[in-house]
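Contents: one structure, followed by commentary.
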Amino acid sequence: MASINMSYWNPRTVILIGIPGLEHVQFWIGFPFFAVCLVALLGNVILLIIIPAERSLHQPMYIFLAVLAATDIGLCAAIVPKMLTIFWFQNCSMAFDACLAQLFFIHTLQCMESGILLAMAFDRYVAICDPLRHASILTPSIVGRIIVVVAIRAIVLVGLLPCLIKRLHVFHSIHIAHSYCEHMAVVKLAAEDILVNKICGLFVGFTILGFDMVFILVSYVLIFQAVFRLPQKEARLKAFNTCTAHIFVFLEFYILAFFSFFSHRFGHVAPSTHILLSTIYLLVPPALNPIVYGVKNKVICNRVAKLFLLSHE
């Protein structure tokens, strides 16, 4: 039988395949992702309860952490429900506009998370390198402005991506080889020139993730230079201990982010490997952030302990 070239004009729906090559085990893969999501939701909700309630945590670092927690909850909500309906119920269809909305929210929240990590690195830089001016530099109004700028930057730049996809009308397929609507996975379906979409995706990625990563690296280089100059060993250990959690989260977030970013454009990674790692990259940081930051803070640990003790009484 001769093959028939099909094209789709302004498709109303798309089909999310899930994880190509692993369809026979997707049902079981859904359980660890569901468990990670539950841990992320529980941990971040607890942070959002404790931080506003505890006056000693009304500091820039923990305000940024509360915003990070809200962002992580949003990421889980944007990804997991549809992904699990694909894995568990084979409900793979999705309205094209809903797919673009999911794409927008996922990438916007990713970029907001990157911006908040940069803000937290700046807070640590000021706290360690210029502690006497920390309160005067990071005032509540400045912290609020930083959060607004981070949000506006993400919304405006990521908003370009679905707008540019909407100008495409002819698609050679409506089957997306992914478990959620990712920018390049959707763009590659088009049967038209997608050079502008690729360039814009690279521009957004480097403008946000690249910019943030460079300045976070610079912040920690300056922090370590200042730490090594401290005369007392106890002070150096305390400063290192403060930064350990931030460095762990920073490395885990950006290593997986750039692997996902480059493998989709230039790499020859197996689709199943890419999709699993990109999903891990989006879901594991929200689960780890409350654990990493919470365990390092005695006030948060004590409040969590009290919260669970009260629930058992």
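The count begins at 1 with the first shown residue.
Cβ from N, Cα, C; glycine included.
All TrEMBL annotations are machine predictions without curation.
Taken verbatim from TrEMBL:
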TRANSMEM  27-50  transmembrane segment
DOMAIN    43-293  domain 'G-protein coupled receptors family 1 profile'
TRANSMEM  62-80  transmembrane segment
TRANSMEM  100-122  transmembrane segment
TRANSMEM  142-161  transmembrane segment
TRANSMEM  202-227  transmembrane segment
TRANSMEM  239-262  transmembrane segment
TRANSMEM  274-295  transmembrane segment
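Within the chain carrying the transmembrane segment (274-295), a Cβ under 8 angstroms from the stretch's Cβ atoms is held by residues 19-20, 29, 33, 36-37, 39-40, 43-44, 46-47, 65, 68-69, 72-73, 75-76, 79-80, 83, 106, 110, 113, 177-180, 182, 245, 248-249, 252-253, 256-257, 259-260, 263-264, 267, 301, 304, all 6 or more beyond its ends.
Across the domain 'G-protein coupled receptors family 1 profile' (43-293), mean pLDDT in this model comes to 87.
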